[in-house]
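Heads up: the structure comes next, in C-alpha cells.
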Amino acid sequence: MKPLVIKLGGVLLDTPAAMENLFTALANYQQNFDRPLVIVHGGGCIVDELMQRLHLPVQKKNGLRVTPSDHIEIITGALAGIANKTLVAQAAKFHLNPVGLCLADGNLTYATQLDPELGHVATVVPKNPALLNNLLGEAFLPIISSIAVDKQGLLMNVNADQAATAIAALIQADLVMLSDVDGVLDANKQRLPELNGAQIEQLIKDNVITDGMVVKVNAALDAAKMLNQGVDIANWKYPEKLTALFAGEIIGTRIKP
C-alpha cells in the first residue's frame, strides 16, 4: 500500500483526550494493516501560549505568522520541541515506534524564504526521501514538525499544510488533513463527500465556504494539484471513524485536483 501522510492541526495538541483517541486509532490500524504512516504537524496554539507567557506579540500577515529573528528560536522550541515531543510521547505510549524529526533532518526538504516581510517563514520542496524510506522500511512512525532550515543554515517556520504536502510528494504518499471540522458542508449544512476546484470556486463565490474553511480547502486543493490525487479533509473528533479513513474511506470531504 502507498504510505499515508497524516497532517495534524494544532488544536489537537491542546486536547489530550483527542490525542489519546487518535493514537488509539493509529495503534488499531497498524495492528490490522501493513501501511507505512507519517505524521506532519504544526502547533500554532502551543506557539501562541508560549508567546503569551513570554509577553511577546503575535503578528500575522495574510494568515501567516510573522516570525522575526528574535522569535524563531522560541517558535522552534514550541514546534520541534514541545509539540513534537508531546506527540512522540503519546505514540510511544501506544508502542508505535515514533521518531521525532523536523523538515531539515536527512535533507528531507529544501526551504526557501517566502516573503522578507514575514521573516523566518519558508516554503519547502521535496529533496531526499532516503531517511524516511529507511525509517518506514524498519516500521518506525516518523513524526515531523514544520520547522525547516534554509541554505544559509537559518531556522525557518513552514505552514504545516504545505509541509505535509511536500512530505507526501517526497514519498509518493496519500494525504489526509485532520482538523476540527467534519469536512466541507453545503448550504444546507450537509457534508459534501467530494469536491473539485470548479465546485470549490463556486461555493466560495456563493459564501457557502467562508473564513477559515476557505484557507483549509485551498490548502487541500493546492495539495491535490501538486500530488495529482485526492486529498481528504476530516475530523479527528470521531475516533471510531479514523481507522476507516486511514484505510482509504471518505469520512469527511475528498478534494480532487
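In case you wondered, yes, glycine gets a Cβ from its N, Cα and C as well.
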Select one of Arg53, Arg65, Arg191: the residue that Swiss-Prot places in the substrate site alongside Gly43, Gly44, Asn157. Arg65
By a simple count of other Cβ atoms within 10 Å, which of Gly43, Gly44, the binding-site residues in the record, is least packed? Gly44
Nearest by CA distance to Lys7 (site 'Transition state stabilizer'): which of the binding-site residues is it, out of Gly43, Gly44, Arg65? Gly43
In three-state terms from DSSP, label Gly43 (substrate binding site) for me. coil
